[in-house]
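Novice: Starting off with a structure, shown below.
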Amino acid sequence: MYILTLFGILLQFQVGYRHIDTAQVYGNEADVGLACKQSGIPRSQIYVTTKLWSSQWGYDRATAAIKSSLTRLGLDYVDLMLLHHPADPNLRAETWRALEDSKDQIWRALEDAKDQGLLKSIGVSNFSEAHIEKLLLTAKHKPVVNQIEIHPFLQRRALVKYCQKQGISLQAYSPLTRGIRLNDASLKFLADKKGITTAQLLIRWTIQKGYITLPKSVNAERQFQNFNVTSFELSSEEMDSLDDLEEGWVSGWDPVANDPV
């Protein structure tokens, strides 16, 4: 994991990427921090996102976990920290003393860390409209980001519309469908017609939708291809064709739909 993470991130930096997305549960925050230092790139030019896992519910545990992430990363601040998923409110209540020591309290821990300058921005991941609405009942700072799985096969249009209305930016994880649908006939037809890869096609779709796209690869050639998506645009007809692929297909877990409110 160490070699793969460090090598992959250093490759990304060489290609031109400056946004690194990690999480406590990934177990690679220390590797991410080391790669940032070894890159020689000024800290101000690197954007680091990490995520707080649901085992850290509760104000005190969340506060300690935030500081632990900073220690592992070797950074004075994190650009963006997200709640990794909504989790189960009953589990939170049973495990961490009382219902009130739950999502509103963990969010308060992020808000306080933001006010202290430890976190530049705070947001959520895998939250539905209902999850966000509940969070906003007690939030002082609105989440700036909702990181969710988005690609033409899973467009979450109602959630996207809600977040845009709230001024919450969308980060699209697994925009390449974890590689599962890259050989889809419809994708290949459009990509071949434009002389691009299906991965480039999917990334360009998310960009033109206005999402912050998070493609992942440790292969140098694919990293370069995925980065080189500014030299072409998709026509309105091509965007419509990709929009027509919506089928509600989730490539992995789905806390948006499955985590209780």
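Keep in mind that glycine also has a Cβ here, set from the backbone N, Cα and C atoms.
The feature active site, proton donor is assigned by TrEMBL to Y26. Positions annotated as substrate binding site by TrEMBL: H84. Annotation comment: TrEMBL describes 13-246 as domain 'NADP-dependent oxidoreductase'. Annotation source TrEMBL lists signal peptide at 1-18. Annotation source TrEMBL lists site 'Lowers pKa of active site Tyr' at K51.
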Novice: Would you kindly give the Cα-Cα distance separating Y26 (active site, proton donor) and K51 (site 'Lowers pKa of active site Tyr'), rounded to the nearest Å?
Specialist: 9
Novice: Please report the Cα separation of the residue listed as 'substrate binding site' and the residue listed as 'active site, proton donor' in Å, rounded to an integer.
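Specialist: Each residue's Cα considered, the residue listed as 'substrate binding site' and the residue listed as 'active site, proton donor' end up 11 Å apart.
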Novice: Cβ distance under 8 Å to Y26 (active site, proton donor), same chain, sequence separation 6 or more: which residues?
Specialist: none
Novice: Is it possible to get the count of other C-beta atoms within 10 angstroms of the C-beta of H84 (substrate binding site)?
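Specialist: If we count other Cβ atoms within 10 Å of H84 (substrate binding site), we arrive at 22.
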